Amino acid sequence: MDGKRTDGGWEVLQGLVFYYHDSSETTEDSFSLMASAFDINRRSPSLALGITVLPVNDEPPQIQRNTGMELLVGEEAEITASMLSSDDLDTPAEELVYSIEKLSGGIIAFKVSPDDNVGTFTQAQINNGEVVFIHRGSESGGFSFTVTDGEHTSPLFPFVVTARKLTITMETQGELMVFPDILRAVTSEDGDDITYAIVKPPRLGRIIKPNQRGQFKEIIRFTQTELDVGAVYYEHQMPPKPFWVLKDSVELAVSSPPATELHHSLPGQAKVIDSSVLDAANLLFSLPEQKQVGQDIVYEVHRFPTHGRLTLGGTDLPRKAPNFLQDDVARGVLEYHHDDSVASSDSFSFRVHLNPKGQTPQVQPGGVVLEEMFLISLRKRDSNPPQLSSLELLLEALQGSTTIISKSYLNTVDQDNTPDEIQFTISKSPANGYLIYTDSGDRINKFSQEDINSGRVAFVSDGRLSDGFVEFTVSDGKHQTEPYTLHIGILARSLTLNQAPEIYIKQGDDETLITENILSTSTGTAIEEDVLYKLTNVPKYAAVMVDRQPTSAFTQKQIKQGRVSVRFVKSTSPRDSVAFVARSRAANASSVLNITVKPLANIAQHPKLPRGATILLDKKLLDATPLANKTRTSPTFTVIQQPQGAKFVKRGGHDDGQPVSSFTQQDLDGGLVALEILNTTQGQNNRSQTQDEARFLLKAHGVPPAECVLPFRVVPYDPSDDYDATLLTVPLVSTSNRIDAGQPEPRWRGDGGTAPGTTSPSPVVYRRNTLWTILIPILVILLLMLLAALLTYYLVRRNKTGKHNVQTVAAKPKNGDVNQETFRKTDPANNIPMSNMDSKGTDPELLQHCRTTNPALKKNQYWV
C-alpha cells in the first residue's frame, strides 16, 4: 500500500457506502464486488458478500376471507380457511391469534376437545382444520373477533353463523282420489330419507303394505322410498250404513333426523286451547285454603266438536273417558283440529269439577259442578290482512359488510296464511346498499316471510357512511298493507383517534381533567358514536377516575361532561403512562396516553449568560417559591443532567467552589449556589453563541416529583451588554480582541466596581481558571525584580568610580607672594575631555555632604 486510494476506496473507509433494503419480506440478500486499478489496468477477482436481513414486524394483519358459515341446527361444523382467513407478510400463521368476543348461537372448540369452549385460536389451527363451531341455541348467531400478530391488532370484525333447520315440507297432499302421488314429503337437504309414523289411523280403513310373500299387512310406519315405489296402500273398509261420499283422514308424524318431526293431518288445521281461553281455577276458591293444594280441576267432555276433534298430547281424546285437567290446558297440550269443512263455527260442551289428586275422576258429593260450552270460530283463508310485528325498526350494518335480516327486524302475524304465502315487496330501495339472497347473491325486490325465517335475505352495504331506509309493503295474496319503513344505520369500520402526546398534571394539584382536546375519537359519520375507552394496563403511579372514583373504562360522553380525570397516587415518579383501547360498535383503536408532572416553579427560559463568568443561581433563574408555599416545605432541586459547558458550585463557606448536585430553595434564597460558565472556546470563534441546558428533579413533601429544564444561551462576554442574571465574576477582556471588534478599550474595574447589569454590591473577584493566568503574574514579578537588581548594581558602581584624590598645599603663601612655581603646564595633547554628568539618579546621601554653591577661585586656582 502506497497510501494512495481511489475515490471509491476512501468512501468505503469513511463509511459513506450504504446498503438499503427494499422493504420486502426477504431475509437474505447478496451482491458481488470487484476492485479495479485503472492506472495499471488490473482487476481483482469477484467477491460475493452475503447480507442477512433481520425481519421487523411492521405489517398489520389483513383479513382475507370472512364469509361466515351455515350449518344445520345442532350440528358441529369446521371453520375452514375458506371461511375465515387472515394474512400478515411478516408474521407466520402460528402467530396470528384470533380473540373471540360476543359469542352467540353456540360455542367454539377444538376437535380434540369439543366440550371445552375456547376464546382464542390461531390461523394455523384454522388451516389444519382444528377449529369447529358447535351450534346451540338460536338459529342466527356468530361471534366478533380481532386478529393480532403481537404488535398490531385489527378492528373488531363480525363472523356470522346461520343455522338452518332440516325442514320437511309436504310437497304433495290431498284426498285419495288419484293414486299414486297422494303423499310426498321432501327435506331441505338432498339424500335424506323420510319416515312416516301413523299417529292417528284412519277411521274408515287402514294403511297396509305387502310383505315378502305378497301378503298385505297393516303398518304403522313407512318411508318416502316405499311411497315412491308404490308399496303403501290405503284399504277402505265398508261402513255398516250406506253412503254417497265419506271423508276419512290419517295423522302422520314425519321425521328425518336431525330435522324436527312434522305432524301432518290430512286435511284441516289445528289450534292450541290454552289457559287464556279456558280457565276454571276459580273453583278452588270454593274450598278452604288448606284443602286447595290437593285438588285437581277436571274437565269432562259431554259433546265433542262437530267439525273437528280434540287431542291431548297428540292423541285423540278417548270417547270412553274424555277427561283432561286444567294443568293440561296450562301446558298447551290440548288442541282442536279442524276437518277442513266449510263450516264457520264449531263447539263442544263440558262439565268441570274438583277432584282429589291421584283419584279416578268423579263428582264429589256436595262438590261444585259447572257445565259450559266452548265456542270455536272458524275463519276462511285470507280473511284477515297480515300485520307487521317487528320489534326492531333500525337495522345496523357494518360499513361495506353483509348483514342478515332476521325475524327481529321483519316479522308478520297472519293466522290464516303460512310464512311462504306472505310476500314483502320493496317499494323504495335503500340509498346506502341493496338486498340480496344469501345463497345466490342476486339482488331482490321481493321476498317472503319464509325467506326471512330461514335467513336467506341480507342487506349489503355499499361502503358509504350515510344512513338510509327501505320501504316495503306486505301481502298475503289478497290483502296488501300500507308501506312500512325499516331504517338502516351504517357503523363505521374505522375509528380515528385524536390524542394529545401528553397530559400534564401540575405539581401539587389533586387531579387534572381529561378533556376532548386531550382525547377524542371520530368515526366519520354524521352522528358520532359514544366510544368506550378500556384500559389495557394498570398505571404504576397514577389512576384514571370517573366522578373521582378509580375506573378501568370510561366513555367519550363522560369526557365531554368533564367527569374523567387523572391523578398521581404515588409520589415517587414524575411520569407514568396508561395503555387503552378505544372501541366503537364496529371498530377499535389502541394507543398510550403519557402522564407527566408539570413543575410548580418559575424557570427562566433561554436567559443570556456570558462565557467564562460565574452566575449567581437565584430567583431570576430558578424559583420554587409557589411549591414551597403550597407544601410549606423547602423544595429540593436534584441535578439529573449537568450542562455541557457549565457546572453548579457551592458559594461561601469552607467548600466554596466545590461542585454541587443537589440544593434547596432555601439555598437559592441565601445565595449559596452559583453556576460557572466554562470558557470552552479554544479553537472556536469566541464570538459564537451556543445553547445549553440543565435538568433537575424538583421534589417536595407530599407531592410527586417533577422534571424541570433550565435552558440558557452562552454568549461572549461584553461589558457593555446587559445580562439576564446576577454576575459574580466576569472574564478578562483582551484589548486586541476589542480593537479587532471595533470596541473601545475598557477601563479597569476596581474593588468597588460592578459589571453592567449587576445588582449585587459584592466586590468583583477575579478567578484564574488556567495555568497561564498563574504563570504570567509570576513572570512579570520576576522581570521587575531583575530590573531592580540591575539598576541597584549600576548605581553602586557609579558611586565608586566618581571619587578624586586632591593634592593639598603644605603652607599657604601670602597673597601674591610665590617663591616657586607650583603649577605645571600640561601638553594640550594630553588633555582628557570631561563629560557632563547629569544629576539624575544621584545618591541623596552624597547631596547632603556637597555644597550647594561653588566657592570662588582665587588667582592661579583652577578646578580639577
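Here the Cβ of each residue, glycine as well, is placed from N, Cα and C on the backbone.
On the 0 to 100 pLDDT scale, the model's mean across the repeat 'CSPG' (60-150) is 89. Sequence annotations record features per position, and here TrEMBL assigns repeat 'CSPG' to 60-150 (among others).
Here TrEMBL flags 253-353 (among others) as repeat 'CSPG'.
Residues annotated as repeat 'CSPG' in TrEMBL: 385-477 (among others).
For 737-762 (among others), the entry in TrEMBL reads region 'Disordered'.
Residues annotated as transmembrane segment in TrEMBL: 771-796.
Annotation source TrEMBL lists region 'Disordered' at 818-842 (among others).
Sequence annotations record features per position, and here TrEMBL assigns compositional bias 'Polar residues' to 828-839.
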DSSP-assigned states of the repeat 'CSPG' (385-477) in counts, ordered helix, strand, coil: 8 helix, 40 strand, 45 coil
Tally of DSSP helical, extended and coil residues in the repeat 'CSPG' (60-150): 8 helix, 47 strand, 36 coil
Secondary structure composition of the repeat 'CSPG' (253-353) [DSSP: H/G/I, E/B, coil]: 14 helix, 47 strand, 40 coil
